[in-house]
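Let me begin by presenting the structure, written as structure tokens, before commenting on it.
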Amino acid sequence: MEKILVIDYGSQYTQLLAKRIRDLGVFSEVIQYDDNISLSNVKGIILSGGPDSVYNIDAPDISDEILNAELPILGICYGMQLIAKKLGGKVEQRGIAEYGKTKINITDQSLLFKKIPSTFNVWMSHKDMVTKVPEKFKITSLTSNNIISSFENESENIYCIQFHPEVRHTEFGIDILKNFIQGICGLKGSWTLMDFVENKIKEIKDTIGDKKAIIALSGGVDSSVAAVLTHRAIGNNLKAIFVNHGFLRMNEVEEVESTFRDYMGLNLTTVDAQERFLSKLKGVTDPEQKRKIIGEEFIRVFEQEAKKEEGCEYLIQGTIYSDVIESAKSGKKTFKIKSHHNVGGLPEDIDLKIVEPLKELFKDEVRSVGEILGLPREILYRHPFPGPGLAIRIMGEINDEKLTILKKVDNIFINTLKETGWYDKVWQAFAVLIPVKTVGITGDKRSYGYVAALRSVDSVEGMTADWSKVPFEILDLVSSRITNEVEEITRVVYDISSKPPATIEWE
């Protein structure tokens, strides 16, 4: 199968870049910069960005094998700086960093910029800059600060850009990638997610064989798709385990049990572990520690259930790639943002072998795979819900009282969005309980209650997100209902932070 090889230098956007390539119908493979490289069936190479400076002692390098492969190369951000230094150009720090939206001007013709306006906005994230291009290379664009934003040597098939075309904030970013992949590399695009499904089912069969597996089923999109995909591969050798850790939304246990038995016919066991999780989290306020504890307890519960199944050796998890990236597992040079319960919280002495069939996919791709597998819309288009659940939506220590309050608040918010037709318009919405009490008025008396924060974001893959512009009249209705129906809440606020710089979840 013809493919584009993406070499990862530690960018948070590396797998997003791979996804953009797949969106163009071309298979992409991501490898680390120091992995052994096979160029079989490779038709083009992309060097990702990364957090390093090319002048650091241990800075990731590029091999002569790649530069001499006579394949089209696209260097992005760090990849551009690396090529410049390697081929005799100059990279410097001049005290002018460029972060976020930046305007660039095309200064010379380039196949990379075919049918693209001469001036457009891009997404930058760099301190180092190329101040001199290698011999026989030409500058093709400059930023409004007169900084080199792209250069190339068409005869050598080497193209370099300082900005990130894979991020949606870059105008015409997909067109630039398309120009490279189709126009320069000559790939037409015939790979589909159907290919992924077929290959993954075969891979799961080959991995698990006639052994048994259990799945960490939550009722969310990711674990649901992982369950059906695995069930297609090994049939009744899959047992679904639904753990009620006490941090689920209102009525969620009953809804999940009903949905999976009605729609999917899975062999489903519900484990009530509420007291176990709460006791482990008593006195814990640090969000990283919460995630680690919850991740470990999940595994222990699954191990105990697996021991009841003779021959059970595998644990299926619905980890997707945004989870992996945020846990700093995507590249050796990636900076850690926060751990994910499916990734960063796994105990080292786990007795089960982990299988993560969706770990290469983003949320929208997971939904597309679910559609291919025939899952109902009400499962596929539920808003994302974190594995630790409401535990990371209560700031500070968790107890029964706070959980009850948050469940009521969240239920009001979500139901109001559904009633007003806004639930399907936003990517994710939820409530957060802030354990700070503020003054309010109840009747003729002063009162003190908690603050509830509402969070709603628009996104596609979860790597970047904008806060949702929910109409004020709907927010007004939600706020009024919460303060009237949940007596412990005296104040409601709406989170208008985008990702980046914020993350979607508060913890």
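In case you wondered, yes, glycine gets a Cβ from its N, Cα and C as well.
For Cys77, the entry in Swiss-Prot reads active site, nucleophile, with the evidence type sequence analysis. Around the Cβ of Cys77 (active site, nucleophile), 25 further Cβ atoms fall within 10 Å across all displayed protein chains.
According to DSSP, His164 (active site) sits in a coil region rather than a helix or strand. Taken from Swiss-Prot, the feature active site applies to His164 (among others).
Residues within less than 8 Å, Cβ to Cβ, of Glu166 (active site) and separated from it by at least 6 positions along the same chain comprise Tyr13, Leu16, Leu17, Lys19, Arg20, Ile76, Gly173, Leu177. Sequence annotations record features per position, and here Swiss-Prot assigns active site to Glu166 (among others) based on sequence analysis.
Ser224 (ATP binding site) carries a helical DSSP state (H, G or I). Residues or ranges marked as ATP binding site in Swiss-Prot (evidence: sequence analysis): Ser218, Gly219, Gly220, Val221, Asp222, Ser223, Ser224.
Look at Swiss-Prot and you will find 3-190 tagged as domain 'Glutamine amidotransferase type-1'.
As annotated by Swiss-Prot, domain 'GMPS ATP-PPase' applies to 191-382.
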Those recorded positions of His164, Val221, Ser223 having Cα within 10 angstroms of Cys77 (active site, nucleophile): His164
Gly219 (ATP binding site): tally of other CB atoms within 10 A of its CB: 20
Cα separation, His164 (active site) to Ser223 (ATP binding site) (Å, whole number): 31
